[in-house]
Amino acid sequence: MSNKPANKYPVNLLDTPFPMRGDLAKREPGFLKQWEDAKIYQQLRLAAKEQNRPKFILHDGPPYANGDIHIGHAMNKILKDIILKSKSLSGFDTPYVPGWDCHGMPIEHQIEKLVKSDKEAIKANPAIHAQIVAYRKANGLDEKEIHLPSSFIRELCREYAAIQIERQKVDFIRLGVLADWQNPYLTMNFKTEADIVRTMGKIHHNGYLVKGQKPVHWCVDCGSALAEAEVEYEDKVSAAIDVAFQVVDMAALSAAFGGVNVGEQTASAVIWTTTPWTLPANQAVSVHPEFTYDLIATEKGLLILVRELAEAALKRYDIDANEVIAQAKGDALNGLLLQHPFLARQVPIICGEHVTADAGTGLVHTAPAHGLEDYQVGLKYKLAVDNPVANDGRYVSTTEFFAGETVWKANPKVVALLEERGALLANKKLEHSYPHCWRHKTPLIFRATTQWFIGMDKKVGNETLRDKANRAVDATEFFPAWGRARLEAMIKNSPDWCVSRQRTWGVPMTFFIHKETAELHPRSTELLEEVAKRIEQEGIEAWFKLDATELLGDDAAHYEKLKDTIDVWFDSGSTHFAVIEQREELNHGDANRPAADLYLEGSDQHRGWFQSSLKTACATVGHAPYKQLLTHGFVVDGKGMKMSKSKGNVVAPQQVINQMGADMLRLWTASTDYSGEVSISDEILKRTTDSYRRVRNTLRFLLANLSDFTPQDRLPVSELLTLDRYALVELAKFQHNLTSFYDKYEFHLGVQEIHRYCADELGAFYLDIIKDRLYTMAAGSHGRRSAQTTLWYITQALVRLLSPILSFTAHEAWDALKNEGNVFVGEWLALPEIHEADTLQAAFALIREVRANAQKDIELQRAEGVLGSSLQAEVTIHAQGEVFQALDALGDELKFIMITSQAHIQPGTPAIEVAAATAEKCERCWHYHPSVGTIAAHPTLCTRCDCNLHGAGETRQHA
RNA sequence: GGGUCAGUAGCUCAGUUGGUUAGAGCACCGUGUUGAUAACGCGGGGGUCAUAGGUUCGAUUCCUAUCUGACCCA
């Protein structure tokens, strides 16, 4: 280990090819190559099969095939890998098939950008852009033509996704994740596409698929309904207007307000809205049944306002003189008819719990076509879902005043019209949080359209899907426990799932609908399977190019193919069927249990994949697709702030790997409590490196001192020294602790345990003590072999225990140990049983306490300048009772445990005396011993060393 | 605005049903060793347990509010 000249009296100093510094960034790729060449993943599967291991299925949540992986992806995959490697070492068969989510708008949007010649997009994807150029040329199209056939667009999307997947895959593999990288699952695989379609078919067959008119977030630029996940909230300035709806029947008004005399003047209910353009679709005015409403006499007639907000509202209308002439509860106003401010329509006052008194007037403009709550309250009152706005965001031709106008341009015109009609009481600007399209960043509208839903509250048999989902949540185990509450709350409030989209790059809704009635074909289930078979062969294109007559025959005259595609969340949500059920190695083979043992994703997936998977599974097989759900937080910077390009606090996994190696990223992942947000920063990574070095150097010491030792040299446990047997007890405890942390997925506690073991147990205690035997006793002596036997068990166990986290380092150490095979194949080390383990532990607990006290006393002497190294000290320990017995049992070997030259034990009141040694120091073993100088031939040696070098060697029993 | 969660030494984490001076590792300081040496041993300093109230004989631990941050939703 050092380059110093050899000592006159040699000690057993050994070397190891395991260097102090890992140089991981450079060397890890070589290790990866070895794993690949040795086909470790395949080897594991084969071995598991031979051993008939039980399966543990961790189903991969597919990342979206767009963009390079970021630190969150890396952490997610590393956590999965740690779990699977530890489960495998615990005796499970752990196949892991990584996946990618391939359909959907972000990819379609990328292609769209290329079609529209976006310069940055072209720079990033020149090959695909070249195809677009070539296509236009080959088909005689203008070089700026943006209307290209859907089939061609889908082809490009597919190609784009494939490129992205390869990029991400390289980065994932580099992390050291063991997986079936050659056969991942892609939601765009033909077979998978077919099975997604089949999942939809099953849900229809089970009666959960329903057609509805419903307001949905609609992006005018996309020309499509947007899923919740595609909506972003941003601040927007809107016109906030107060509009008077004149009361039609004054007698009814009087009655509602307890018969008050309402006189000759007009009366109006006043609403407040930030979306003037929705007024043409107004069908009602909602009040809260429990609120108190004032009837107020003003210069602008009688006004109805909620009591709490009346004053603020009147101020807004510049009305000073006013008098409250009557009050009534909201439910008294129910049914009162109002005149629409500019259309020939009378609308009722209705009651709804959604009305608040936070802002506005306490009376809510209700347009079922343009708002979810409006729609829901409208269902109750059977209001018309009359939607005047077309796909492109313009009013349809039959709309009075605004036909052909876009809703945004109509806004000021509505206000002007209201003013003209004397219905406008106030017009202010309001900045508020408003939904925007995630792609276009433009404001969305709410708009009723024909969509397909998975109904949450439709009774099928005795139960709704919501009931089933609730039961499934109950049956699931959550890590951490609060995941249950979160998922529960979401299921409870989850509206019907809108699964239809009007997009190009997506799995089609493969149904035939009647041209007149829009009903699904009565043979849908059967027809769908026919379609699925074709998709299996040719992909989703098989549906788009299908001629309905091929399957329907004469019926084709009455039916047409549904043009919608399926919400991309449904794709990944179906993988418990489309992937787990389909792949033999992932299949537990028991339809009555969840398909997977574990799903593990970021906490955002409670709303996403956890939920979509739960719903599709409940709607198809009636239970959850997972037994356990594990969630991790998001990665934030050192200050706990989320990462963003603009803040410049993004840590890229590729950069960490290239600088410090993947094992550092793995150790960082394992070190943090991932149940909350997870921090990363330069300092944190620096600290991670520090703790890595401690572990690495411990391994280096162990390996070096085993380099002249083979398993054949091992002594039977019964012949080991007392201290060594105790060390094996501590090893067993360590292994037990660590494996239980693995089982509970509490890796950060595991890392602490690893550190404690390496630093406290080994570095500061066991290894420090046995250095004397390792270095100074004869190489093949009993005392030294006893220590090495122990080191062998420690190292063999430690390497396996480290491997789920520090995979590369463990692999390297495995090689240095000259072990056969690979560290990941096999199980935790079977440790020899130690008799009297409890007795040993109890005794050494006492011994170590005394030792710690002695060290403090020695330190005091050292500070005084009385002595330097602890071998320069001689201690006398006074003790009684069991402490005395424990120390006394070690006899003369107590000094080795104390690492002092002398250690005497005397009965009496507990005390420790420390003195500087008066004897000479042995040149070889550094102990201070009276015998030094007594051997004529070797005047600088003690008798112990002389005996170890030239005689029969000393005998050790305890330490 | 609503739901879920977090806030203990510079950093990563412990802290058992509320109970004597709140622990560990790393970092830092001092020191020893020079046979784990860009390593290892020994010792030490460092926290009003986010803030403010409350319950209690007693709260880091229970309750409420506030602040900060994360995810989701509106």
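Backbone N, Cα and C define each Cβ position, glycine as well.
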Problem - Residues flagged as motif ''KMSKS' region' in TrEMBL, choosing from A:492-496, A:522-526, A:642-646 - result: A:642-646
Handout entry: Feature motif ''HIGH' region' in TrEMBL, mapped to one of the ranges A:63-73, A:107-117, A:943-953
Key = A:63-73
Handout entry: CB within-chain contacts under 8 A for A:GLU601 (L-isoleucyl-5'-AMP binding site), separation at least 6
Key = A:GLY61, A:ASN76, A:GLY608, A:TRP609, A:PHE610, A:THR631, A:HIS632
Handout entry: Composition by DSSP (helix, strand, coil) of residues within the motif ''KMSKS' region' (A:642-646)
Key = 0 helix, 1 strand, 4 coil
